[in-house]
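Colleague: Pulled the feature table from TrEMBL, pasting it below:
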| type | residues | note |
| --- | --- | --- |
| BINDING | B:His90 | heme binding site |
| TRANSMEM | B:40-59 | transmembrane segment |
| TRANSMEM | B:71-92 | transmembrane segment |
| TRANSMEM | B:113-135 | transmembrane segment |
Amino acid sequence: MRDPRDNSDGFSAPHRTSLKTIRGLGSARSGTEHFIQQRFTALANFVLVIVLAFVAIAMSGRSYTEAVALIGSPWVAVPLALAIISVCLHMKIGVQVVVEDYVHGLAGLTLLILNAVFAALVGGAALFAVVKILLAALSVQVAE
Amino acid sequence: MASADLDANGGRRPRPLSPHLGIYRPIVTMVMSIMHRVTGMMNIGGLLLVVAYLLALAAGPESFATAQAFFGHWLVRVVLVAFTWSLIHHALGGVRHAIWDLGHGFGKERENLAWMTLAGSILITVALWALIVVLEVI
């Protein structure tokens, strides 16, 4: 009997659906991952940025000590750190989509790598700053 | 044999291309879709300003004073207003896309949703900066 997957006669379609298609895994085992991540980070960004907008307005006209106390408060530092992670992931995926749409070949690949490095650097620098401000605020509390 | 793929001399004709942005009359949903991408890119510039501000605060009182002078300059204020607008435009565009992703708003209201992105972003930006100016004056 002929193998159901055999279409070597040139006109019959393979009769058996591959297991990966049934399980929806696709060839690379992912595909909707970025779509879903982009929407979850969008939701997180929406909530966190609205909260942090009030902090940004409250920062206006503050002295250094007052500014460190506000940003270094756990109630601000933790949402801020979460926002940085979510925003940088959202930025990385968003720019990646634009690069994939408009730049192809080696130039595109180079830009994709630079984009991932850029997002990691921006996120890393921002998290470093938040941790340092948090420690500065804590050391003031300890000194008091 | 005559073929649509070949010209009179038997050479290959260029393949037909699907029409792109250049030949369409702009409609609001299309323009807002492009604006969503543009504002997303603008938000990167704004994020860099925010990160620079945080790094300045982390570095100590002198650098924080420099940052405050920098962000107080009127030219930088204009950039900050532009960033506020692009951030809100992108956020409202995200809400619109979320509505569409969930399968709603594809009727006649789709154009209103797009107009609301533009109108909402301008209104909220003006309201926010009016609040900031009032808070700074009093």
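Yeah, the Cβs are placed from backbone N, Cα and C, and that goes for glycine too.
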Colleague: In terms of Cβ proximity under 8 Å, which residues at least six beyond the ends of the transmembrane segment (B:71-92) contact it?
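Modeller: Apart from its flanks, the transmembrane segment (B:71-92) reaches 35-36, 38-40, 42-43, 45-46, 49, 53, 116-118, 120-122, 124-125, 128-129.
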Colleague: Provide the number of Cβ atoms within 10 Å of the Cβ of B:His90 (heme binding site), excluding the reference atom itself.
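Modeller: Total other Cβ atoms inside 10 Å, all chains included: 25.
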